[in-house]
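Here's the structure, in structure tokens; my notes come after.
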Amino acid sequence: MPAYSTNIRLKFPILALILELVTILLYALFVVYDDGKTSHHEGGHDKDNSTDHHEENPVALYPMFQDVHVMIFIGFGFLMTFLKRYGFSSVGINLLLAAFGLQWGLLLQNIWHLDDGKIKLSIEKMINADFSTATVLISFGAVLGKTSPVQLLIMTLLEITTFCLNEHLAVGVLGASDVGASMTIHAFGAYFGLAVARVLYRPGLRNGHDNEGSVYHSDLFAMIGTVYLWMFWPSFNSAIAEPGTPQLMAITNTYFSLAACALAAYAMSSLVEHKGKLDMVHIQNATLAGGVAVGTCADMNIGPFGAMVIGVTAGVISTLGFKFLSPILASNLGIQDTCGVHNLHGMPGILGGLAGILAALLGRKEHVTPGIQAAALASSLGFALVGGAITGLIMKLPFWGQPADQNCFDDSIYWEVPEDEEEAGESLTQADHSKNKAEA
Amino acid sequence: MPAYSTNIRLKFPILALILELVTILLYALFVVYDDGKTSHHEGGHDKDNSTDHHEENPVALYPMFQDVHVMIFIGFGFLMTFLKRYGFSSVGINLLLAAFGLQWGLLLQNIWHLDDGKIKLSIEKMINADFSTATVLISFGAVLGKTSPVQLLIMTLLEITTFCLNEHLAVGVLGASDVGASMTIHAFGAYFGLAVARVLYRPGLRNGHDNEGSVYHSDLFAMIGTVYLWMFWPSFNSAIAEPGTPQLMAITNTYFSLAACALAAYAMSSLVEHKGKLDMVHIQNATLAGGVAVGTCADMNIGPFGAMVIGVTAGVISTLGFKFLSPILASNLGIQDTCGVHNLHGMPGILGGLAGILAALLGRKEHVTPGIQAAALASSLGFALVGGAITGLIMKLPFWGQPADQNCFDDSIYWEVPEDEEEAGESLTQADHSKNKAEA
Amino acid sequence: MPAYSTNIRLKFPILALILELVTILLYALFVVYDDGKTSHHEGGHDKDNSTDHHEENPVALYPMFQDVHVMIFIGFGFLMTFLKRYGFSSVGINLLLAAFGLQWGLLLQNIWHLDDGKIKLSIEKMINADFSTATVLISFGAVLGKTSPVQLLIMTLLEITTFCLNEHLAVGVLGASDVGASMTIHAFGAYFGLAVARVLYRPGLRNGHDNEGSVYHSDLFAMIGTVYLWMFWPSFNSAIAEPGTPQLMAITNTYFSLAACALAAYAMSSLVEHKGKLDMVHIQNATLAGGVAVGTCADMNIGPFGAMVIGVTAGVISTLGFKFLSPILASNLGIQDTCGVHNLHGMPGILGGLAGILAALLGRKEHVTPGIQAAALASSLGFALVGGAITGLIMKLPFWGQPADQNCFDDSIYWEVPEDEEEAGESLTQADHSKNKAEA
């Protein structure tokens, strides 16, 4: 890859400020506070959510919202800090993309059903706006370390737009059930990101990169992300569920799916390593696959037993994917998936969609039919792959400040990075190396 | 200690998968969702908890549950990351044990009072299941660094079983009051773990170990655990309290006990060091002793003043324990207590039990009698010591993959550990040393 | 600066224990549990808060309380861990000061309106007590690294006392509206701290200090603080808002102000660096300015659009302040502001006060008048500057164990600090250097 300029001093601020100013203008035109007289057509995933629970206390959902908020900003942000010299970008650009994405997502998710020509703000809409950013953060994981902040802002704009189209079609029009969004967020975000990664394929990274690995403490920072995602996933899958028993089901199903998944992920991680050692990559990611996979049928009557079977299956598939499938995708298909989102969100997301079809076949939730569920899964994959490919082509244009191959996975291209003490004490080692690269 | 093989490639996965599959089978037979018609015999600590508060909204307790969840997975997990090369195990094995433990605990806590032959899931039962895992995580602290994942899974199984027996006897049958579980969780978990540690005594570690200490950033990771435990302890002590004034009392008593305890711990830490410096071990642990010690009488009318006196007492005892008692336990009694759980959970737990007896004498809660409280304390200590000793003997069998003395406190025995940059840049230092050991 | 003794072995424990014992005595005399019969004169910021919402469930505000609690102990604590060798003090002394401050603040905030001669505890009073500590933690940022724990305990005592006087005057007597406390907490805390910093001016640090900077992982620890503050700021600004629409407004206004502020902070950070790189100092701090600046008018009908304009303005001002104003304050005015609290809390706090005056002019909240708002802003700045100057003079007395210039920003003066592996592996480098200094 040719060495483009990575100086984004004008491109990035101009793009960020234009996006923000356009957003503010649209908010001035369309967005008002909820006056309590909303006509109950919430724009989220679950069209059945039309109780008057929220009229009594407009902030009743706020603790659920904050759990989801923590997953988006701490969970996703720190999960990606595992790379040894890419933590600033992981948690910092995660914040940037989600901060823009939630503003954009709230607009596009609700433009389909205005109320007196306005979008009326509610906690539920804020939850859904946070959800919409999750798609981008998943895709971010696939291209982590190989893209500039400018490219990523563009991806955010285009991916959330595509997501809102697909969500409106699959949930709003077709009426599919996807309370925890296995299909519309996880599978969608993963395959969108993989399509972008395919288009941005870098042959120069075929043999890996010095910085594409962790150090001891970066793996511990990543565990902060993992554990928060693991703990709060029941909130993700139940936040917009129908209050009462369906919401309780969504919580308990996710709780037990994750617990069972953790056991499976630990067992498989030890089993596939020839010395029986646990691998941090598996623990950081595959323990979460149970939350993804139980998403679609979280509010269905699948029984705690059923949730645990889904969790174990997801944990096994995800760990095996990291060990055996990811290397093949990279070497044979040119899909360099930095964080392995295919194993955490892609396959478990499809598994979740299939579990939803099966649950519909078994009549585990009223008004849910297998055909509609299958159509929603297909739609999510289709929008993801086509949208991701087009987005990738736009991101591939040579003037977005993307890094050269040798500068990938290195914060110092886009961030002022302190020279660490221990490195400073040594002679010409990594610190100088990084610095030299940064000057490029 | 002879150098057993630490390769757990078959033992660990087989044990983990069998435990999970048996659990799933039992869930298929016994566990169903709460249909809202529960006959109000919750299995937790507080038998008075029988209002119809929860029938209105089955997820009303969910925010409390999530606070407890964070204490279990972030609090306990990161508190133990203080060791320089044992962070993966601390937070990772903590997740594994708690994920299995909550599934097992929920079964055993509720097997005493089935409802139509079934256990009906509720948020309150999930809180109690999380509680049951706390006993194991406390004991884990006593044997941290000296045990294999296989041994620890066995300990989880046996300790939670013992805990459920004692809890059923002390709270369910005798009717003792222990809302914050000073006796049934903290004292129990500590003395169970100390009994195990005594049985697993390693003379080879009498003079310490190179890796049994912290580095600068590992102490900061541990502070994440400390601060989360400190903040959310009011939730731990009040989650299953009777709604209304008792729950408010439990919150405020714990809040003020902890605040007063913090001042005492800082003061004592400075006082016992000959240069007046603060010691991170004290700050990370003794600041929390006030939460443990106020547990039993958190929902009793002891007054904020009374709670603060308990907190100061606990902070003083705990700090002095770390400074003066722990070395004696190790050298004279052969109890090598890695995290000092005797000082954080053991003595403050007993203090909590005694405070409960005193409060009962003073009539601070209806239907609570000193004799019953004393019997519950004795029962908790008895079950802990006997159960811990038996469990220790089983864990001592030589085929569970336990580490040799020189490999203790080292993640690289059971984990793939990245070679750190700075270490890689040096010649033959710690990194190689660790690696050589790992090959053993 | 002369080299005073930094051994605080007697001074610190004696001061801490006396403060705690006096506090306990006052609690024994004045503080009781809320019996549900409170006559609705809550002592907080918002005198309109007199619904009977809380009588139904005394712990209804508890999730909001815990969000604020996390901001105080994790948010402020970790935000200040950015310094390479001052993380123990940042998170540890933060805990100490807040633990004492909340006990003291609850007393002084409620002494103005006793109920039958007593202060009746409620969750709302605990939230306000947590709020009062925020002023101290903001000021702590201005003097971080240059003060002893003894000095800081004295500052806590005096600053919270001054804060309670000003709050009682501005909100209680004058009746100003300041739901998110832009004026009474943020501007107050910042200018109080800057006044203290001015009095404690150290010419010896004019040319900077080796330790006054970050290392890679210390910047990541600081991001934990940033992200938690960013996520939970809607809770800070809405916790004591009137239930219903005003509380929903406070949440949504803060959410969107912060999101817009983040975009502005990232854009400006890149713009002012000559290579277009992002600066962690800006990202860690300026992204939060939107939460500060929207505080006063968070519960006013300013529209999401208005909140976003405030957020963008705050993000721009804050970033420019870090880049251009802070160096001038240090070199020309002798104000050495370690964390740049002037840019995060000072200027955005004044902006918040001005926005409140403008909103009052536009009639965005009933019963709020521009004159009263202006008086509250002036009062907050006046109390801060005078109170801070007097407090600084007391802190300047030479026997509080303050560090010599060369020992500033170094944990090892007041803490036992582990010798890190990598340092131990080298010859005579930083570790020995630190150690030598510590012996001084």
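Just so it is clear, glycine is given a Cβ too, placed from its N, Cα and C backbone atoms.
TrEMBL entries are annotated by machine, without manual review.
The domain 'Ammonium transporter AmtB-like' annotation in TrEMBL covers C:57-410.
Per TrEMBL, the feature region 'Disordered' maps to C:420-440.
According to TrEMBL, the transmembrane segment annotation covers C:12-33 (among others).
Listed by sequence, the residues of this chain that lie at least six past the ends of the transmembrane segment (C:59-79) yet keep a Cβ under 8 A from its Cβ atoms are 53, 90-91, 94-95, 98, 123-124, 126-127, 130-131, 133-134, 137-138, 140-141, 221-222, 224-226, 228-229, 232-233, 235-236, 238-239, 284-285, 339. Sequence annotations record features per position, and here TrEMBL assigns transmembrane segment to C:59-79 (among others).
If one looks beyond the transmembrane segment (C:86-106) by at least 6 residues along the same chain, the residues whose Cβ comes under 8 Å of a Cβ in the stretch are 16, 19-20, 23, 27, 31, 72-73, 76-80, 119, 121, 125-126, 128-133, 136-137, 140, 144-145, 149, 152-153, 156-157, 160-161, 163-164, 211, 218, 221, 409-411, 414-415, 417. According to TrEMBL, the transmembrane segment annotation covers C:86-106 (among others).
Marked as transmembrane segment by TrEMBL: C:126-145 (among others). Within the same chain, residues 42-45, 61, 64-65, 68-69, 71-72, 76, 79-80, 83, 86, 89-90, 93-94, 97-98, 101-106, 108-109, 152, 155-156, 159-160, 163-164, 167, 181, 185-186, 188-190, 192-194, 196-197, 200, 211-212, 236, 239-240, 337-342, 344-345, 388, 408-410 sit at least 6 positions outside the transmembrane segment (C:126-145) and bring their C-beta atoms closer than 8 Å to a C-beta of that stretch.
Within its own chain, the transmembrane segment (C:152-171) is flanked in space by residues 12, 15-16, 19, 44-47, 93, 96-97, 100-101, 104-105, 108-109, 111-112, 132-133, 135-136, 139-140, 143, 178, 183-185, 188-189, 192, 196, 375-376, 379-380, 383-384, 387-388, 390-391, 394-395, 400, which lie at least six positions past its ends and keep a Cβ under 8 Å from the stretch. Per TrEMBL, the feature transmembrane segment maps to C:152-171 (among others).
Positions annotated as transmembrane segment by TrEMBL: C:183-201 (among others). Within its own chain, the transmembrane segment (C:183-201) has Cβ neighbours under 8 Å at 45, 131, 134-143, 146-147, 155, 159, 162-163, 166-167, 170-171, 176, 292, 295-296, 333-337, 341-342, 344-346, 348-350, 352-353, 356, 376-377, 380-381, 383-389, 391-393, 395-396, counting only residues six or more beyond its boundaries.
Marked as transmembrane segment by TrEMBL: C:213-233 (among others).
TrEMBL lists C:253-272 (among others) with the feature transmembrane segment. For the transmembrane segment (C:253-272), the residues of the chain that approach it from at least six positions outside its boundaries are 180, 230, 233-234, 236-238, 278-279, 282-283, 286-291, 293-295, 297-299, 302, 304, 306-316, 318-320, 323-324, judged by C-beta separation under 8 angstroms.
Per TrEMBL, transmembrane segment is recorded for C:305-325 (among others). Long-range Cβ contacts of the transmembrane segment (C:305-325) within its own chain (Cβ-Cβ under 8 Å, at least 6 residues beyond either end) map to 252-254, 256-265, 268-269, 272, 279, 281-282, 285-287, 289-290, 292-294, 297-298, 340, 342-344, 347-348, 351-352, 355, 359.
Taken from TrEMBL, the feature transmembrane segment covers C:345-362 (among others).
Annotated transmembrane segment per TrEMBL: C:374-395 (among others), in sequence order. Listed by sequence, the residues of this chain that lie at least six past the ends of the transmembrane segment (C:374-395) yet keep a Cβ under 8 A from its Cβ atoms are 139, 147, 151, 154-155, 158-159, 162-163, 165-166, 169-171, 174, 176, 178, 183-184, 187-200, 350, 353-354, 356-357, 402.
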